[in-house]
Amino acid sequence: MTHNFAENYDIIVVGAGHAGVEASLAASRMGCKTLLATINLEMLAFMPCNPSIGGSAKGIVVREIDALGGEMGKNIDKTYIQMKMLNTGKGPAVRALRAQADKALYAQTMKQTVEKQENLTLRQAMIDEILVEDGKVVGVRTATNQKFSAKSVVITTGTALRGEIILGELKYSSGPNNSLASVTLADNLRDLGLEIGRFKTGTPPRVKASSINYEKTEIQPGDEQPNHFSFMSRDEDYITDQVPCWLTYTNTLSHDIINQNLHRAPMFSGIVKGVGPRYCPSIEDKIVRFADKERHQLFLEPEGRHTEEVYVQGLSTSLPEDVQVDLLRSIKGLENAEMMRTGYAIEYDIVLPHQLRATLETKVIAGLFTAGQTNGTSGYEEAAGQGLVAGINAALKVQGKPELILKRSDAYIGVMIDDLVTKGTLEPYRLLTSRAEYRLILRHDNADMRLTEIGYEIGLVDEERYAIFKKRQMQFENELERLDSIKLKPVSETNKRIQELGFKPLTDALTAKEFMRRPQITYAVATDFVGCADEPLDSKVIELLETEIKYEGYIKKALDQVAKMKRMEEKRIPPHIDWDDIDSIATEARQKFKKINPETLGQASRISGVNPADISILMVYLEGRQKGRKNIN
């Protein structure tokens, strides 16, 4: 078919949420002529739900995005109203940063970045059709019948894909925050042969700040100690004039109001059909599932410095409006609350992610990539991480360069993508630290050490940033070597000073590095005895040193496991293998292999329902094929 294209691009990104922004910025920064098309320009990088970035596991993802050359970390560092390190009382593997965002400023600042980006065109347009010829993407068609050509297309439509808002007895076509839904494109994706699922998510009501009695709530301040998402942000730029959040709780009256109105709750009346998020349930779902609980936490989170809107975290609901008002006013501190926006649920179509490769390219259509909530995930950070990987791989494909696949041992982003393409998901997928088997080496403090080199090689990390990274890397390696070479001896003067600090005296000589392995010995304490490095160390280098030294044994064990798994990850499975040709594998394994078409032996081993015996048989089969080829040659 001949198309009359209005404009020609290398890459077109459909949707400008958190996934679409990262995808389009990555592609354009890698030199590809890119179009970012979105239904509404005012909603670029908009936060339709929580006004925050980061949190458990998610905060580590933001640092990974930053280390690879993405934008989310830089943007939130410019626009936060509160910053807090979570899980400080736990081990380093689960610590993560979380920021309250100035919601409007975050979107506005990101829009300015996109508008100024070279090679990137921003267009308000509804995309109705992905144009495909001979199994390959060739472009898109808009609702106004404009056609644009592209060598790759990235779909990042979020919850707009056949979106429907549900509120009490009401159900109507809509994207998030009452934006337009994308219905024709949803039909088009199904027609192209993609399997489509249906998920649901929700958001809580917003209340007016001046109507809250804060004296009845508990203040939740940010951290005084500087922390940042971007490794390029400076401690001296840390915002100290932070805005607090506030803690309150539901109570028995709140629960009674919900229980008395369950017949009007879409979750229980049958109106909601989509599968909701396990780790972010609605308040009505929590009351029913955890009936023994007398109260549930609610955090009152300001949506910015220049707005009265306050997000009631923990009160996601699709109950009718009148019930929401009664529910709010049953809560301590909210007795006179004015509801500015109602909570609601939203159902939307997703592309079932087992149809994707680890590059996030679809297996059905060459050059078509999907990312974000379109793939069945929840959360801005998960979306941004996928968008970055999809944008990078779309650009690499256009340029004819090797693809980027992040392994489970490389990044939480790699864990997430592997989970999606290998196991699929039956509910909105959320990243958790428990999903990562190598979480001690996937920490927030070493994201730059893990990924900056990759970002530099693909062209997203510039020379200035790379030079700063190399300097930090050298500082870390030199200081580690120095600490391992200096001895502390159990002489009386040294032990006296150690005891004065409240620590146990030395019984044997040991290196400064060994001394730092003691739980209570920080880098600052150690350098009191052995002196400082020749030049002052970056605070991020000191944090990295302390973690790497104290957990050295555990980290080494994790790296040994990675090395063993690497052999399986490097064993490729031919793309057009005939699974019926392999004798003796279990029926369930054969069915799963046919459905997912794993690309490596390692991926095959992680498919649910596949046992070690199946993998052994597959390994023997692959080795036999390889020997057969050698004999033919």
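Residue numbers in this text run from 1 along the chain shown.
Placement of Cβ uses the backbone N, Cα and C atoms for every residue, glycine included.
The feature FAD binding site is assigned by Swiss-Prot to GLY15, ALA16, GLY17, HIS18, ALA19, GLY20, ILE127, SER182, GLN373, with sequence analysis given as support. The NAD(+) binding site feature in Swiss-Prot is assigned to 276-290; the stated evidence is sequence analysis.
Largest CA to CA distance in the FAD binding set (GLY15, ALA16, GLY17, HIS18, ALA19, GLY20, ILE127, SER182, GLN373): 18 Å, whole number.
Under the DSSP three-state reduction, ILE127 (FAD binding site) is assigned to strand. Note on the binding-site residues GLY15, GLY17, GLY276: the fewest other CB atoms within 10 A surround the CB of GLY276. For ILE127 (FAD binding site), the number of other Cβ atoms no farther than 10 Å from its own Cβ, over all displayed protein chains, is 27. Residue environment of LYS286 (NAD(+) binding site) contains 19 other Cβ atoms, counted within 10 Å of its Cβ in all protein chains. When each of the binding-site residues ALA19, ARG278, GLU284, VAL288 is scored by how many other Cβ atoms sit within 10 Å of its Cβ, ARG278 comes out lowest. Counting only residues at least six positions away in the same chain, the Cβ atoms of GLY17, ALA19, THR157, GLY158, THR159, PHE199, THR201, TYR348, ILE350, ALA383, PRO428 sit under 8 Å from the Cβ of GLN373 (FAD binding site).
On the backbone, the CA of ILE127 (FAD binding site) and the CA of GLY276 (NAD(+) binding site) stand 27 Å apart. Using a 10 Å radius centred on the Cβ of PHE290 (NAD(+) binding site) and all shown protein chains, the other Cβ atoms total 12. Remark: SER282 (NAD(+) binding site) has GLY202, MET267, GLY276, SER316, THR317, SER318, ALA345 as non-local neighbours, by Cβ distance under 8 Å and separation of at least 6 in sequence. A gap of 36 Å separates the Cα atoms of GLY15 (FAD binding site) and VAL288 (NAD(+) binding site). DSSP assigns GLN373 (FAD binding site) to a helical segment in the three-state reduction.
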